[in-house]
């Protein structure tokens, strides 16, 4: 029998042929997957196919969403070309398909929206990796409980923050609505993450503001480069260097604070062990993070920015809009004061008293309905084919958002542009008695806080802060919009509001309140 041998050249040719065959198979496979995806997407109408829409416009423009559905020929899903690629806009009719987040990745969507692989964007990576659920647990189960048990401290910090920005002048004077609300919200929320000294440190608060601003403005300029080059380009790009410097400024404040708190926690635990006492519970932000991290190393400055960016923006945006809505409806201000005077007449902050501020709760829900934080929600990337109704499929690899246009649908909310807090009571009692009407509740008809697994975990904390802040404003200040702004529904970053300290605060002296949990 003949003996066959393989020369070195033949072995190399065989290896090269195998590699080429594998690469060809991968290319063909990817090509087929791409064509299959395009075929599935072709079932949905494309909005203005020759136009590339800024992704920020899609996220915020109710008019764009309305036009998209109007041009979609009755389809409940349509496509739009944006600066981050093609995005599917899905009707809230299908929201239940995404309740549990199966097959959806919010982190993958963020990767297309921001250059989070670049140095300086670590807080966004921190919020989207395995820490995502840990952060949600901390906010929902630890932070919410902490603020519930420390209402007096919350009231004191709100009082200080409000007086520092709106002053005690009894003469009418103009203040920047957005800037003052941002500062008040930042100081108050940071009190529960840090301490009184740091939350009142203007340099520290400004370092957080600077990072947040740069991340969403200058930092976006990196998106002009291919994503694979972001880590390299960031080493030389001025915007990325500015962002990294802003993060370092936050670290200068946070690192010493964390070292101090860890030392204090260790000291208390050591003393308890020495005396045979039970280990004291460290109910504070540093301890929560260390507990979640276990033996894993993490950057506390990155963690702080990750927690802060979202809370500043959402709560500030909401409070600005709420005050504008109330200023346009001054009769409701007096009704709110009457309700608070009755509910809080025993001069205590309690869980039950917050729950009984029903008119305030409905005003907040209505203001959020009129101007939610965005026009779309549940921004995600499909990790697999997601089947919805009537054979509709969200193809794997597709970017998609769920529209919030039901919040302005006249079939659900008659006269949808009207500020009518009573509609939520009627909606719950008449049309859908099983629908929750509370400000923090979520539903397909009201996705101001998101929906399902994507619901904002900080909404209970934010609602508590907002209710107490509004109560302080109602009894301590008069406020109104300047002439010419009364018919402008949505506030702008440049909007000013006229305020003056009340000479008589009425029956409630909020600064003398007690706190009893019942």
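FYI, residue positions are counted from 1 along the chain as it appears here.
Cβ coordinates come from backbone N, Cα and C, glycine included.
When other Cβ atoms within 10 Å of the Cβ of residue 456 (heme binding site) are tallied across all protein chains shown, the result is 21. Sequence annotations record features per position, and here Swiss-Prot assigns heme binding site to 456.
With a cut-off of 8 Å between CB atoms and residues at least 6 apart in sequence, the same chain places 46, 47, 48, 49, 51, 52, 53 near residue 81 (N-linked glycosylation site), listed in sequence order. If you look up Swiss-Prot, you'll see 81 (among others) marked as N-linked glycosylation site.
Residues annotated as N-linked glycosylation site in Swiss-Prot: 168 (among others). Its Cβ placed at the centre, residue 168 (N-linked glycosylation site) has 11 other Cβ atoms within 10 Å. In this structure, residue 168 (N-linked glycosylation site) belongs to neither helix nor strand by DSSP; it is coil.
Per Swiss-Prot, the feature transmembrane segment maps to 12-29.
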Taking DSSP as the reference, which of helix, strand or coil describes residue 456 (heme binding site)?
coil
